[in-house]
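What TrEMBL records for this protein:
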TRANSMEM  B:7-30  transmembrane segment
TRANSMEM  B:119-142  transmembrane segment
TRANSMEM  B:163-181  transmembrane segment
TRANSMEM  B:208-228  transmembrane segment
TRANSMEM  B:240-259  transmembrane segment
TRANSMEM  B:293-316  transmembrane segment
TRANSMEM  B:355-376  transmembrane segment
TRANSMEM  B:396-414  transmembrane segment
DOMAIN    B:440-468  domain '4Fe-4S ferredoxin-type'
DOMAIN    B:471-500  domain '4Fe-4S ferredoxin-type'
Amino acid sequence: MEHIVIIGNGISGVTAARHIRKLSDKRISIISAETDFFFSRTALMYVYMGHMKFEHTQPYEDWFWKKNRIELINAYVEDINHQEKTLRIKDGADIRYDRLIIATGSKPNKFGWPGQDLKGVQGLYSKQDLDGVEKYAPNNTICKRAVIVGGGLIGIELAEMLRSRDIPVTFLVRENSFWNGVLPSGESQMINEHILEHHIDLRLATNLTEILPDENGRVKAIKTDKGDVIECEFVGLTAGVAPNIDFLKDSGIEIGRGVKVNRMLETNITDIYAIGDCAEQHEAIGSRRPIEAVWYTGRMMGETVAQTICGNKTEYNPGHWFNSAKFLDVEYQTYGWVFSEKTKKDSEKHFHWRHPKEKICITVAYHSDTNKFLGINTFGIRMRHEIFDRWLTEERNVDYVMEYLKDANFDPEFYAQHETEIVAKFNTEMGTGITPKKKSWKRIFKTA
Amino acid sequence: MKIIKNIGLIIFLMGLTIFAALPVVGTYSLSPKQFEDFVGQKGIKSDLFISDIQENVVGQNFEGMFSFAPKVTHALETANAQHRKNKEYKKIIYTKPHDMAAELGKISGSGFIVEHKGLMWFLTFGLGIIGALMFILPNVVLLGKKGIKNNGIYHENATNRGWIAWMVFIFLVSFYLILYFRSEYAVNWTYLVDPISQSLSGNLAGQWFVYGFMYCVVMVVMAVRMYIKYRHNMYQMVRTTSVLFFQIVFAFLIPEIMVRLQMPYYDFKNAFPLDYDFFFQWNLKSLLNSGGIGLFILVWGIVLTVVIVPVMVYFFGKRWYCSWVCGCGGLAETLGDPYRQHSSKSLFSWKVERWLIHGVLLFALVMTGFTLYGFFAETGTVLGIKVQSIMDTYSFLIGAVFAGVIGTGFYPIFGNRVWCRFGCPLAAYLGFVQRFKSRFRITTNGGQCISCGNCSTYCEQGIDVRAYAQKGENIVRSSCVGCGVCSAVCPRGVLKLENGPEQGRINPTQILLGNDPDLMELVNRK
């Protein structure tokens, strides 16, 4: 029986394993040195915050793996020998594979800061990182202040975690507004305000220069490029992630920043595939980045590679871009492409609406010449994925989106609806006379 | 603010301590005149019992119910035993020994508690309410900006099955045991609410009035907590207001006022088979003897179960009843909210759930069949089984032990919906309708789920919501009571409670939205 070995038990690897099992009877093994069972990485923050126990982050009960004949191996792969088709295991016997899927995910970026390997200095990615936060920042007597370096999604999550235990947090952000390499300015500004509301010491346009140790090799303070020295007991390095592929350096597998793959998710070596955060497309797909370190894309690659491995050769062909996050109390969703002022083309125009009091706003991107709808960012309003996916496929224009915006609302019942104000502002700015249509189940459930 | 909270906690605990001490204190003395009146009113014909009480109880002073009650229960049990032996069936007293002790205790209570009902009310309920509100209200400030407030739930002793949770468990279980099985120890509690009972129904309070009143008080106070915790979520605000309204008006006030107006005691929202004794002979007789209103209740009760309940479930799901109207649900959603995360999500629990809840429904239906047959055929025995013994078994096992002692007492350990999930026959019936013929579903938002597990963790009904959401499937489950918390705690806006067309309600998917559309269609159409 063909033996499929998957390195990494994150969402990509586990999705691949599940789908291979659905489609075939092959022998499947998943190797991980991180945890025995699959857990949701994005949920680690909730364990520290006391919303859940670690076991709650595990989407499948422990019997699931045996029942589905997916072997779980807790081991660390040191090397791949693709001629022999074996994996060298640290402190263990080699493992033979017939086909190999590399799904080793990411590791936090470290940019060579002095002191970046001190005790109490870490990223937030793995279960071990979670244990580290619990060890070095368990409460505000042991950790009187924490500094977070890097204004992205993980940074703000780490800030929220630490604040949940009343630990004072200083948040260093390289940009002059939070995440404004991705978010348009109105949204970025709103999140700046929201961060301050949560009593986080946000320092924009500030870089880390050095991390200072105490006599025990623990972090004592950090220095910024503004000359400030900030005493702290914990430093979170959250300036992005990079593929976790150091062990492949001399394996003969082609690597760039990640493991190079074609659209079939095949590497240069036959029978070796790479998926998820660690995979790097030779050519970026559409407006996507060559490396997509996102939960959803990892899952899609897992779904796709399973097809290929089970004889139905399939290209990785993601549909319309979507993503989501939560900034403290504000939920964020995006469908299609909305670029920030820094990265957008001149032809991409934005319509922005922000609630006068609440932390709610949306930005709609459209093409300046054709009025074609390009994408939407929503903060504090939930939107219906199916609807936007369909509108993007149908290449609707922005007027149409405004007219039928109520169909897309996904907020819980009894929530205040904002479409009327949104469309009113749109009409004023664009000189249109759109009346929003009442929500229609018929349209929502229309199959294309 | 923290100081206010702590003072509130101390005041609350003072009130609770006094309340908890009441069952064992107090003075009881029964005068000859009181006993004579009592015998006359109850029509007691047992000379043995009368002489026993006159000899051992009347004219004496008893300190505490512990010394009073055994005399009464003993007198009753020996008298009845003797009468049975002598075949003097007319002399047998059918009041249960502990109820007799409670009734006699109620008239013989004397001393401070009885003479200062208002003050005692304040020292128990009053302090409890004030203390609890002082503990809860500062959260408006302390919880900070509005949003999900689950920080520390698994660090706190009280909400993570620590010793405080076990203390609450012991308190609740003891409270229900007294209520159902040792009502004489609730006598002192009844004095506290006598004035309120008299102003409503005109009668003195019994232990069930204490329970009803306390139920409302607890729900109001804990609803304040809900309002603060979920102030960002209009669904929770409206739903909490609804359960509160139905509890106070329909379950508490209207039945009491009906009694004052010489009508039968009836809770208009309590549908059969949750209201399992609706078709019991005594109830049918009482309704048929109550003229127009009795007939109306009889017709309403049947229409409620046969027409209103299923039709409403078709349009709105069983949530309209279970988390918007029902009293059990009301308590679960207010007092029980801090414990909702304890419901087990394992597949094993789901299997147990299906056997148990459908078993109880079957039991309730069979029992009702027996009682109805017995009623129309005017016989006490059906198929060689005494109808009374079936009813007694159900009342004891399901009505008291399951719904009360386990259903609420186990809140801090097994979560707040133990009864609703494993036992309630009405929930089982509504569940069938919800699963097979309803417009209600929890829609999963395309491919947006990140499998974090908040939804499953906080599902009080033990549904593994994530198992559906991460596959892009809508959640259509018979047990879902539509509390809306999964949707509230979802950090990515994936879940929405909706009533929509039946078509497409159940949507099995293999490949999630977001991946290549052609592939999706190919696989999903299979």
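Counting starts with 1 at the first residue shown.
Quick reminder: no glycine exception, Cβ is built from N, Cα and C everywhere.
The transmembrane segment (B:119-142) is in contact with the transmembrane segment (B:208-228), judged by 3+ CB-CB distances under 8 Å for residue pairs 6 or more apart in sequence. Within the model, the domain '4Fe-4S ferredoxin-type' (B:471-500) shows a mean pLDDT value of 96, rounded to a whole number.
Tertiary neighbourhood of the domain '4Fe-4S ferredoxin-type' (B:471-500): same-chain residues 148, 150, 230, 233, 235-236, 239, 315-320, 322-324, 329, 333, 340, 353, 357, 417, 420-421, 427-428, 430-432, 434-435, 439-450, 452, 454-463, 465, 506-509, 512-513, selected by CB-CB distance under 8 Å and a gap of 6+ residues from either end. Residue counts for the domain '4Fe-4S ferredoxin-type' (B:440-468) under DSSP, split into helix (H, G, I), strand (E, B) and coil, are 8 helix, 5 strand, 16 coil.
Between the transmembrane segment (B:163-181) and the listed ranges B:7-30, B:208-228, B:240-259, B:355-376, B:396-414, the one holding the most Cβ pairs under 8 Å is B:396-414. Residue counts for the domain '4Fe-4S ferredoxin-type' (B:471-500) by DSSP state, with H, G and I taken as helix and E and B as strand, are 5 helix, 6 strand, 19 coil.
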